[in-house]
Amino acid sequence: MEKTFNLARREDGIAILTMDVPGETMNTLRAEFGPEINQVLAEIKADNSIKGLILISGKRDSFVAGADISMLDACKTAADAKLLSQQGHLVFNELESLKIPVIAAINGACLGGGLELALACHQRVCSLNSKTMMGVPEVQLGLLPGGGGTQRLPRLLGITTALDMMLTGKQLRPKQALKMGLVDDVVPESILLETAVEMALKGKRAPKKVKKSLVTRLLEGTPPGRNIIFDQASKQVEKKTHGNYPAPAKIIDCVRQGMARGLTKGLEVEANHFADLVVSKESEALRSIFFGTTEMKKETGAGDVEPREVHKAMVLGGGLMGGGIASVTTTKAKIPARVKDISEQGLSNALSYAYKLLDKGVKRRHMTPAVRDNLMSLMTTTTEYKGIKDADIVVEAVFEDLKLKHQMVKDVERECGENTIFASNTSSLPISQIAEAASRPENVIGLHYFSPVEKMPLVEVIAHEKTSAETIATTVAFARKQGKTPIVVQDGAGFYVNRILALYMNEAAQLLLEGQSVEHLDKALVKFGFPVGPMTLLDEVGIDVGAKISPILESELGERFKAPAAFDKLLADDRKGRKNGKGFYLYGSKAKQRFKKKAKLVDESVYAVLGLTPSSTDSNNDSQDVAQRCVVQMLNEAVRCLEEGIIASPRDGDIGAIFGIGFPPFLGGPFHYIDSMGAAELVAVLETYQAKYGDRFTPCDRLKEMAEKGLSFFE
Ligand SMILES: C[C@H](O)CC(=O)SCCNC(=O)CCNC(=O)[C@H](O)C(C)(C)COP(=O)(O)OP(=O)(O)OC[C@H]1O[C@@H](n2cnc3c(N)ncnc32)[C@H](O)[C@@H]1OP(=O)(O)O
């Protein structure tokens, strides 16, 4: 059997231990490696000629990506998971206790259990490679660092910094890691091994003292001070998670107990909490997102068809969306983009949009001014169709006006090559209607981004009946290069994301008209797990935008999409939301004048405009009912989209809702959530609401069938 750990001895007495899991693209930690690593460690201990040990990866661009998540997923009981953690503790303790200096030489991803392995080494050096990232992202999987990380990280970096890393899961670049004291040196990849050898030859050293402010030293140095840190961290966690995620509180408890009762006790607490989390439903849901997105990275969106290379792109329209699309094309995909707008103002908006984003990177020292300027030079502008003959893809981000889009299809067909893809960023118009103006409809596709483009991870790639497989594959690959997670959906009003969102928003609007207050509605859905509430979202998206989309959805999909008529009064009052400073909340100087604090405040005059007096009580039961009414609408419609083939699979529906809307990740997406409650339960809730509030709650056929047969979407 091929080995995972290979030990080589150098003449200078330094041994190199290379980890290289056979047949895998990345190293991960698995229980089955236990006997092999124990044997290697025993061999090292017994060999007096070894003066130092370097731990390095045999993979090109990664160190160790953590514990094998599939192995964790396979744990049937908490006892299974606890054993994994304890086995890891034994190996890492053994490594740490070696008398000779042990240096981790890190190149590429060093995450989770991988970083915990490096923390058990006496020193760490990492490469400057752009792929080198270090962190403990377990919290994003609903877990905690279960390989000693909750104990070694605070001892190395201090409690405050370690908690921040573990509670956010943030990943550090090499220079940040050096500054924080996580690594002892950062060098170019070409001299990584030699630098590690030099460090080992100097002998075992105590880790460098991490610089801390006086306040941090005072707080971390005494039990009462530490209690203040833990209490504050717990409060912040509660505020952020609303009790929906169990991992953060357990992370804090591991550190609290470990710092008070010593490393051995800390490791025991860590193993117990880790075990509980591995078998929690929250972690199971979050892991499903990891598996889903990893699987999707390999898909072309069109079976075996290979994508064409995109060397040059064009973006039509320099507005917020156009500027954002051009920006991710140049800065993320590193593909030259030419922006066309009818006005110079539009062009300068697009340029300044991209510049501001890049400059933020310079200010945060993630990039040099020279790199920023180089990336900026990839973006050019024009007011005419010039310099675009060789564009491989044109992304249109102009007004939602079918005539205008038809004109653009014709312009692009005239001015560009015969393979140039015409991708429309429409959020509501069916792509087949846009393609009606095309003489090469196979090149026409939808590419629907979400705002703000540089932040929102999802894009919907919309194929109409005649879109060619090559166009789909090329568009999917292009979006992926821009750093996006694309889901391929079928053509139809609202596609997937806006369609399920529309019903949820309509229900929230309905509840408002029934007397629920704006803040109560928002609070209820945030407590449920959405990043913002529906009223805030409507202000952000634009009340006018919502009003434009609703009639299209209603005419194409039916009565259930009818927006409450009273909402016209908002538009008559010129309430568009944040963009014109007039919506459900107060914005700008008005808000500042009246209230000195940052907190967002409801514009109470909105109730008079709607002719309402809010009468909501803030009770917990009421809040659950409010959230449930909105959410079940979204769930029912998501299943309808699957039934109609708008989405290809429940997996795509889950990823689309989480990445496009912020559907609570701890529920795993609408389809995982339905599975966890059971289709029969959802049908029962929908039918109760149907009897009470009307036919918009009628459960769809697929759900009813699943309820009858006791089926679920996933195994
Ligand atoms: C006890 C411990 O505290 C518990 C833990 O360590 S839990 C795990 C913590 N680690 C993580 O969360 C990191 C997960 N991985 C990642 O985020 C990303 O894979 C990455 C940033 C490392 C690399 O991303 P990218 O370059 O896009 O490669 P990606 O396609 O995702 O992964 C490459 C392969 O490695 C696999 N992989 C990466 N990390 C893995 C992990 N921790 N477990 C299992 N497989 C993993 C992927 O499944 C994929 O396999 P495939 O080639 O057979 O499909």
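Cβ from N, Cα, C; glycine included.
TrEMBL annotations: computationally assigned, not manually curated.
Feature list (source: TrEMBL):
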type: DOMAIN; residues: 313-491; note: domain '3-hydroxyacyl-CoA dehydrogenase NAD binding'
type: DOMAIN; residues: 494-587; note: domain '3-hydroxyacyl-CoA dehydrogenase C-terminal'
type: DOMAIN; residues: 626-710; note: domain '3-hydroxyacyl-CoA dehydrogenase C-terminal'
type: REGION; residues: 1-188; note: region 'Enoyl-CoA hydratase'
type: REGION; residues: 308-715; note: region '3-hydroxyacyl-CoA dehydrogenase'
type: SITE; residues: E116; note: site 'Important for catalytic activity'
type: SITE; residues: E138; note: site 'Important for catalytic activity'
Looking at the domain '3-hydroxyacyl-CoA dehydrogenase C-terminal' (626-710) alone, can you tell me the average pLDDT?
97
Set of same-chain residues at least 6 away whose C-beta sits under 8 angstroms from E138 (site 'Important for catalytic activity'):
G66, G112, L144, P145, G146, G149, M166, G169, A247
List the helix, strand and coil residue totals of the domain '3-hydroxyacyl-CoA dehydrogenase C-terminal' (494-587) as derived from DSSP.
65 helix, 4 strand, 25 coil
If you skip the near sequence neighbours and keep only those at least six away, which residues in the chain come within under 8 angstroms of E116 (site 'Important for catalytic activity'), Cβ to Cβ?
G88, F92, V136, P145, G147, G148, G149, R152
